[in-house]
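Chemist: Feature annotation from TrEMBL assigns domain 'ABC3 transporter permease C-terminal' to 98-220. What TrEMBL lists as transmembrane segment is 39-61, 90-117, 138-168, 188-212, 240-262, 268-295, 316-339, 550-574, 595-628, 640-668.
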Amino acid sequence: MKRHGPNGPAHQASSHLSSKRVSLAALVWSLVKAHSASYIVMSVTVCVTSLLFCSTLQVYMAGRMQDGIGKMGSMHTLRRLMAETPYRNVVMISTVSVLCIGLISIFLVLASVSFLVQDRRREFGMMRLNGASRTRIMVMELCEFALPLALANIVGSLLGSVLAVPMGRAFSGPSEFPGSGVSFDLRIRPSVTVLSFAFMMVVCLLGVWLAIRKLNKVPPLGLMAQESVKGAKKMGKLRIAISCLLVLLSLFVGFAPISLPLDMRCMLLVILVICTVYAASPLLVAGSVSLLGLIPEKLASGPGILARQRARRETAGSTAVALPVMMVLTIVISFLAVFQAGSIGGNMLNLQPLKADVIVSSDTEESFDELSSTIRDLGDEVRGADIYTTQTWAVENPSGTFQVAWQNGTDGLVGDGARRATAPEAVEGSLSDLGPGKIAVSNQNTDYRLGDKVTLIDRSDKRYQLTVAAIVRPPEGTPPLPMDFLSSADGLPHAGEEEQVLALISASSPSAISDITKAIRGAGIKGMSVETRSAFIDRFLQRGVSGQHALSVMIVGGTALAIIFLLQSIAIALSERQGQNRRLYQIGVSRQSIVWSAVLETGVNILAGALIAVVAICVVVAAVALAFSGIGLSVAYTPIPLGPFCLVGFLLLVIGVAATLMVSYGTLKSVGSN
């Protein structure tokens, strides 16, 4: 595509500018047609980005407004309150997804639009030399980019709204709607469509405005020529100063002994690391490309030398290709590490004080008598045991669902030492006061005092008004047993939902642990799960990490956006290389060498982005490990998302290389025919 010849868009624009009879609209339209190929690629990218953002935002609003909850009017109070849980899950999952997709969209759209504007610097220089003012160029380019971008955003937002219904179905499974008694009937909201369109347009036009504003500071002759080394050095110094400041802030937040909550500290660190990578991307890519380019230069001789020289010379193109890779890996994997660290760290702090050596759990109380008999038969091997039955009940004023626990069958099972470790301890009042009309409350619930009245609601909407007779401290290290309320056997009937049995068994010696687990498993009690302390902790940690369904959505959405912007950058970069490839072919360079060099260049750029992301992620992981050490947890629990990183990075590399191969062969066909 000849862009600077006598028939190119730059010449057409300057000719139009010299004639006052041509309107701004006609000039803008002529530029859009002249750059239609680039705009088509960018419009497809922006359209898909708007589609993902709008559909996810529709799901978020549907969760907030609880679409479909109106069908629960016939449900009892307890079931209705329990049915609200999936909506909270939808909000949590979609919030993370919207933030991740929005963050990736902002960085990649800004970089993509800026790359297109920077690539036309000579065209703007000719306009300036022909008398166009900076303001007129700014207005003209904003209007020019607004036309295709607005069309792409409209189509993307409308398609995103239409596809919000199947997107909602995809969210309903991880949000645990099946079995809740309600269906997630998402309602499309036009206001969300308009909001999504406005957000994406602001991001796109902001990128245009920043790029044009930057070019307007350069003299016209400077725009006509290649960017001077002096100008590049000035830009490099400014970027180095900003990047160094961000690096220092990141290191301070991540490793300095400051009084910030762990979650807030990690999230702030991730944001600073992301901003650092984006701000320093041209400098980081230039250094990484020069380093990694040595590999193909040594191994692939001619094509490798050409690939490295092109990657080093065309820093804007290399940055455009590497940026989607480094940003999506840094954003997605860093958030993944932080979210997993939050789950693991919080659960470990709760689980570490667990004193029981063997934990037995079941979803039914039918096998309680058989379990009690088996524990008694173990004799001296059991130092003590506590068996609890738990159910979910509703509470009136304020309404909500809480756990009610019964401490059952402790006579003859529990020794004094074990009782202190795995039994509740009365902080105020006495457990002996429990009985009909009386209830004990966990000390974690500060809404109740001794003598207060509390109304519990069972699954049949029957209400029980009880008096708080004791404030208790639940057994430490048992997250499945928060013990919001504790009742005696004759205090409340077992009329709630989600019944479970939990037995906490303390062994008389380490060697007895194996005998206890074998005896209980050998009893053949139906539906019982028997675990040692370490196995119970590992399963609980794994369940906490695997239950973070928002992370899977974040990985898939972020990878999809990265692929889209990567393909756009490759297509535009290779399209602009047609003239250079033609000259190489005319002086005797074979097609295979040209294609092979393009593939190697793309591979080097993608690997450079991945290398930068590795360094950024290592900073986040090291800060998490230090935080774990500071709160008394082993650094061995530090999450290292190596699998997702390798999977996403390999997928981007394969798609980028395949796209380069296809586009290069396509463009070289016209070179050979000419």
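Here the Cβ of each residue, glycine as well, is placed from N, Cα and C on the backbone.
TrEMBL does not curate its annotations; it predicts them automatically.
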Chemist: Do we see three or more Cβ pairs under 8 Å linking the transmembrane segment (188-212) and the transmembrane segment (39-61), pairs being at least 6 apart in sequence?
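Modeler: Stretch pair touches.
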Chemist: Apart from its near flanks, which chain residues at least 6 from the ends of the transmembrane segment (640-668) lie with a Cβ under 8 angstroms of it?
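Modeler: Residues 321, 324-325, 328-329, 332-333, 336-337, 340, 555, 558-559, 562-563, 566-567, 570-571, 574-575, 577-578, 581, 585, 591, 594-595, 598-599, 601-603, 605-607, 610, 613-614, 617, 621 contact the transmembrane segment (640-668) from elsewhere in the chain.
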Chemist: Out of 138-168, 240-262, 268-295, 316-339, 595-628, what stretch is closest in contact terms to the transmembrane segment (39-61), meaning most Cβ pairs under 8 angstroms?
Modeler: 138-168
Chemist: Using a Cβ cut-off under 8 Å, which residues of the same chain at least 6 positions beyond either end of the transmembrane segment (316-339) come close to it?
Modeler: 96, 100, 103-104, 107-108, 111-112, 115, 118-119, 266-267, 270, 273-274, 277-278, 281-282, 284-286, 288-289, 548, 550-551, 554-555, 558-559, 561-563, 565-566, 569-570, 572-573, 576, 601-602, 604-606, 608-610, 612-613, 616-617, 620-621, 624, 639-641, 644-645, 648-649, 652, 656
Chemist: Where DSSP helix means H, G or I and strand means E or B, what are the helix, strand and coil counts for the domain 'ABC3 transporter permease C-terminal' (98-220)?
Modeler: 96 helix, 0 strand, 27 coil
Chemist: Would the transmembrane segment (268-295) count as touching the transmembrane segment (550-574), if touching means at least three Cβ pairs under 8 Å and pairs must be 6 or more apart in sequence?
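Modeler: No, the transmembrane segment (268-295) does not contact the transmembrane segment (550-574).
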Chemist: Out of 90-117, 138-168, 240-262, 595-628, which stretch touches the transmembrane segment (550-574) the most, going by CB pairs under 8 Å?
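Modeler: Between the candidates 90-117, 138-168, 240-262, 595-628, the best contact partner of the transmembrane segment (550-574) is 90-117.
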Chemist: List, by number or range, the same-chain residues at least 6 past the transmembrane segment (240-262) whose CB is under 8 A from its CB atoms?
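Modeler: Distal contacts: 268-269, 272-273, 275-276, 279-280, 283, 342, 345, 619-620, 622-623, 626-627, 631.
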Chemist: Over the span of the domain 'ABC3 transporter permease C-terminal' (98-220), how high is the average pLDDT in this prediction?
Modeler: 82
